[in-house]
Structure formats: C-alpha cells, structure tokens
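**Q** Dropping the structure in here first, questions after.
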Amino acid sequence: MINNHTLGFPRIGLFRELKVAQEKYWSRKISKEELFSVGKTLRVRHWQQQKELGINYIPVGDFSWYDHVLGTSMLLGNIPKRHKNGNDLVTLDTLFRVARGVAPTGASVSASEMTKWFNTNYHYIVPEFSIKSEFCFSWRQILDEIDEALLLGHQVKPVILGPLTYLWLGKVKGKKFDRLNLLKEILPVYKYLLSEINDRNISWVQIDEPILTLELPEKWKNAFRFAYQSLYGYNSLLLTTYFGSVQHNFSLICELPIQGVHLDLVHGKYDLVFLNSFIPEKWLISLGIINGKNIWKADLVMWFKRLQLFSKLRHSLWIGTSCSLLHVPIDLKLENKISSEVRSWFSFALQKCQELTLLRDALNNSNTVTEDIRVWSQPIHSRKKSAIVHNVDVKERLKSITSNDFKRNNVFSVRKQKQHKNLKLPILPTTTIGSFPQTADIRKARFDFKKGNINHDQYNTFISKHIQNAILKQEKLGIDVLVHGEFERNDMVEYFGEHLNGFVFTEFGWVQSYGSRCVKPPIIIGDVSRSKPISLDWIKYAQTLTSKPVKGMLTGPVTILLWSFVREDLSKKIISRQIALALRDEVLDLEQSGVKIIQIDEPALREGLPLRLSLRNEYLSWAVDSFKLSSSGVCDETQIHTHMCYCEFNDIMNAIVLLDADVITIETSRSDMELLEFFKEFKYPNDIGPGVYDIHSPNIPSIEWIMTLLRQAMHYIPVKRLWVNPDCGLKTRTWDETYYSLENMVRAAKILRKKL
C-alpha cells in the first residue's frame, strides 16, 4: 500500500496572515501571545487542509517564525553572543534579534548574515560558528507543535534539518577552524530531540540533508557515516534530499543506518530500475514526483505509467512533493482573474496535495489509467498547441541574434574615460540601489488604481509627487547619482512582467522570500516580448527634476526568469534570451532619451547556479550571455550598472567579470565586508560598490561604522573604482530610517574624500 506525504507546507497563510502579525509584533501593536495565536491558527488550518485532501503523513516542524535554519540554530542554542541580551535565555525576541538586529526587547545589534537557500529565492539566516560555540537543547517549538498536531489526531511526521546540512550552511566567525569539529557537540542535541519524538510514539522522522545533492569532500562523507551511526536506534529516519540528484552519493547513502530515503524525481533524473536494485529492499523509498518549486499541473498519467511497475516491486513506497511546498502559493481556487484555460494549467500547494492523493489512489486501486487522472492531465496536452503560448515573431528574432549583439564597442578602460568625461562624478561617488520606501499611502494608491477607484491621471499625479519628493530628498542629502524611487512598482520582477507579453499574474500567489518578506512571482506561460516602453516615461520625468544623473532601473533577464514561475516546455536559456531581447529594446529607448546611467539588476545570478559543479559552466555561459544581450547595445558613454545581493559570489566571480558591467554594487555589510577578502587574490577590473550598510535591519549605521567599512574596502579595491551605496533597495524601510542612514553614508564618503 502506497502512502503520500508533503515535505512541508507554506507558512505565511493564504492572505499573508503571518506577515501581518509579525510586523505588528515588531512595531509593538500586538503582544507575543497574539502573535503566537496567529501562528497556531495557521498551523491548525494547514494541517487540517492537508488531511482533508488525503495526505497520509502530515509534516510538523516546517512552520517557522522567520526561517527554519534560524529555528534550528535556536533549537541547538547556537545564538551569537551579541544577540543574547545579556543572558542565555532563548526567546522569540532572541530569534528576531538574530534575524533583524532588533526586536521589541533587547538592544539593537548587527543582524546575522542572510543568503539564498540552495538554488531558490528563499533566504535563510546563516548560522555563526566559533571555536567557543556551545550547544544545548534550547527551543521547544517543534516538540510543542508535535504535541499540538497529535492532540488534533494527525498522523505526524516531524521535519528537522539534518546536522550535516546545518553545519554546511553556517560560517565560521573569528579564528578559523574546521566547523566539522562541532559535529560531536551538536549530535547530543539531535539525540535528545529524537528521543523526545520517540517517546511520543511517532513512526517516521523526516531529516533533511539536501547537501547530498552536492559533490561533497571525503571528510564530509565520513562525517555523514559518523553522524548517522550516532543517531541510529531512536526513530525510523527518512533521509530527505531535494533540488537535484543524489545518484553520485548513492553508495554513501546506502551505507547509512537509516530506514528510508526521499529522492527528488522532478529535479533529479533517476532510473527506477536502478533505484530498485541499488536501495536496500527493507528501506522505505519516498519519491518526490510533484514539483514543489513550480506551479504547473503534474502529468499524472505519465507518473502512473512510470510508477506502476515500480510500486509493485517495493515493499514500502511513498510518493510526495519534490521539496517543501514553501516555494509555491497556497490555493489556485482564489485566482478568478486568470482565464479558465490558463488556470487549468496550474497547481498550487493545495492542488498538489490533490495530485498526490489522486495518483496514490490510482496506483493502489487500479491496473490502468483512471478517468480521474486522465481528466486531471488533459490540460497539459492541450496547452502545447495553445496560441497563448507561441509567438512566431519572437522565434524569428531569436534566430537573427549575432555574436556582435553580446559585445560592447570598447573595453572598460576606454569606456571609463568617456564616462568620466560625460558624468563628471567625484571620487567615491554615492548612490542608492533603486527603490525608496513603499509607504502605506503608496500601496493604497496602487490598490485603488487596480480596483478602478482612481483613474490613470490621478494615479500618475500621485506617483509623480512621490518621485519629486525622492529627488528633492536625494539632492538635499548630496547623493551623486540619483534614482526615481520605483514608486510605481509593486515588485521588481512582477512590474516588468506586467508590461511584457507572455506573462500572467496572480492576486493571491504569495510565497515567502525571507521573514515577513513575501513576493508574488509572475508566471511565464508563453514567448516573451515587449510591445512598448516600460520605464521610460517615469525615468524621463525624474531626470527633468534635477541636473544630476538619474539611473534608469531595470530588472535583468536572468532575475526575471528565475524569480518567475517559469514554463517547463522550453529551456531556461531560450526563455532568458527572449527576456533579454525585450530588455535590450528598453535599454536603447532609455539611452536614446538621454539617460546616462542604466542599472540592470541581476540579484538572482548566483541562485540559478546548478548544485553540481560539473553543470555550472553551461548555466553561467548562457546567463552571462543573456545579461550582455540586454546591455551591450549602448554606446561607450552610457554607464551600465548591475546589482547583486545576498548570495555567495566567490564561485561566480569569473562570470561577474564577464558581464562587463561598468559598475557592480553588491551586498557585503552583513558579512563585515568578508566578501572583499576574495579581492586579495582576484583583481576585479571594473568599478564596484560594496554595500556599506544593511537595509534589511532598521538600525541606522553610524558615520564611523560606514567609514570603517569603506577603509576596509580600500585595502582591496582602488579608490578610483570604489562606489558608496547601501546593500540593497530601500523599499522596506521607513523614510526616517532611510534618510538618516543615507545622511550618514554621504557624510562618511565626504569625510574620506577630504582625507584622500
């Protein structure tokens, strides 16, 4: 008998209830108890929804107040000293101080670093390790939630992040040492947790070790053997992998004293005959056959045919999602503004639970394809011929691309001289990354415009006033290169998608990016093209308000691709080129209108990197080409900027050089300029702006702090190529936080200029 399960469920709530409650708590508008009540309501609802849709094993432990990696740090008592508020008591406010640098109680401090969760747009809080790190069971959240779910009568499957993946994701702070040395210290905490779970008579524990998709050093493989031998005997462990194939680590996995393994069949290509022969017969095999990272309906007929024989060969088989459903919206039923034809192609979290149940029942009860799964899968096949999907003009334009379309006219050194003459910027030029605060009145005006409560002219007048205000503030601050503030944009990807052909949009398709930050990714359903200019009028208007240069602000092709739900019938390379051609037209329109600086943001470049080293060069090749296709049509005098944030840059630095952007701005402040260590050996040839303060924390940086970071940067980057800027856009900050932070940033730059 086949069972089904999910690896995790979205936390935020259908209407972002968790986000609302978090932000009210942070601003002291509700109590901790009220926040806890919202969390419990969401958990109870989500467990019940999965149960009603036929899910056998309900995941518990997937809920988090900010991030599940941070939750693991809390459980282990791994809290940086600066966040402890003078004692060892681990509380909810401790968690928020680690994540944000500030909480309703305790002193404000620097937040812990944040970076991307493998190859997704979800961010986790990076664990910090030191030689003096100590661990003890300190956070009962998962046990309390298990008790909640058991009391409600659910068949519970606890979800915990495995010890090796936890250590891999962390960073050593201070004196360098091998963080694997901490494994013996954290295993007793895992043993205690597993014993507590065992006492509750729970049959299976999902222990996530996604680093098994990587090509691990031998010492890490040995650490797996040691760790899981130590954890043997407590519970039936379902070793869970996702985001890729682990076939290269099968020998290691099969050595481990575990009772089952979960494999991602969506993102890892496995031969089922090989699986059956290789994996021990007594083990449970869980097959991730429903895509947890994308919103397309599953071809259940295909999966039925593929799994039918395999299901009869295995004594114990589960089917599940490829990964946690954290990465997809909750319910498709609310999306009434999408045409019925297009909507029939999609499947959100609740619909994916339906898919698992339909397929489970068909495999358990039938030897042939059932009518239920045939009807479910039919729209997948009709979509292939839909006129909505295909555009002949786009296909023809792709064929006309030549090698010259990927090249600037001259090398950077020549361009820099022309740009200096054209722009006349001071040394250590100051700028921001693009967005300014999206206040409640801006969000209301956008909502009213979409609902028809105000007309186009009223909305444009409103946005124009905010742009004017932003320009005035920047001029008062003395910033050198200005931005228009992006007040007309709801999201850096969604906005461009709304103005390109080939996209559709949801009303309630929210997914968590980090903490309370949620995004509503566009869905790429067809060939992409641009019908008319997107950002031109707003940038032109902003430039009329000042004699200083105003940057044209665009989101890059790779980021639009990766931060959308992408179609699966076409390669990412081709889709990215389609987007790049549309953006190339936008870039040339901006240049023709007199815009001297154009920023094309690519924060997702690193995110798209395949987990396997052997596959990375191919991805980086087409990703770089897509950026260059969008940016290389301009003349030498036009300065191209790009921005990247919250990722590990070192392993893509060669690709960043190949982008050939005149200026790159990057996140470095949360890691105390740690990234710049790389520049000791690697001489980045173009201009660079390492972020000098963390915009994801409400803390206002001091002039001295910013000067310290800039002095550090000067050790690695020639001052003539150094820019001064925040880490990222300022959309989520208040105007007071923004103004005073930028004021200190500009003052720091001016003080240092005088000393040079």
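Think of each number as a place in line: the chain as shown, counted from 1.
Yeah, the Cβs are placed from backbone N, Cα and C, and that goes for glycine too.
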**Q** Per Swiss-Prot, what member of D331, D589, D601 joins I433, G434, S435, E486 in binding L-homocysteine at one site?
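**A** It is D601, as the record lists it for that site.
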**Q** Of the candidates E667, E704, E737, E743, which one does Swiss-Prot list alongside H643, C645, C728 as binding Zn(2+)?
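**A** Within the candidate list, Swiss-Prot flags E667.
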**Q** R16, E17, L18, K19, R517, C518, W563, E607 bind 5-methyltetrahydropteroyltri-L-glutamate in Swiss-Prot, but which of K116, K421, K424, K683 does that record place at the same site?
**A** K116
**Q** Counting distance between Cα atoms, which of the binding-site residues H643, C645, E667 is nearest C518 (5-methyltetrahydropteroyltri-L-glutamate binding site)?
**A** C645
**Q** From the binding-site residues I433, S435, E486, E607, pick the residue whose C-alpha lies nearest to the C-alpha of C728 (Zn(2+) binding site).
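**A** Result: the closest of the binding-site residues to C728 (Zn(2+) binding site) is I433.
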**Q** CA-CA, which of the binding-site residues K116, H643, C645, E667 lies nearest G434 (L-methionine binding site)?
**A** H643
**Q** Return one of helix, strand or coil for H643 (Zn(2+) binding site), based on DSSP.
**A** strand
**Q** Are there any residues in the same chain, six or more apart in sequence, whose C-beta is under 8 angstroms from the C-beta of L18 (5-methyltetrahydropteroyltri-L-glutamate binding site), and if so which?
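**A** Counting only residues 6 or more apart in sequence, the Cβ neighbours of L18 (5-methyltetrahydropteroyltri-L-glutamate binding site) under 8 Å are R11, I12, V38, G39, L42, S516.
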**Q** Can you give me the residues near the recorded L-methionine site, meaning same chain, not I433, G434, S435, E486, D601 themselves, Cβ no more than 8 Å from the center of the site's Cβ atoms?
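**A** Neighbours within 8 Å of the Cβ centroid, excluding I433, G434, S435, E486, D601: T432, V483, M492, M553, Q599, H643, C728, G729, K731.
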**Q** If I take the Cα of E607 (5-methyltetrahydropteroyltri-L-glutamate binding site) as reference, which of the recorded positions I433, S435, D601, H696 has the closest Cα?
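**A** Smallest Cα separation from E607 (5-methyltetrahydropteroyltri-L-glutamate binding site) among I433, S435, D601, H696: D601.
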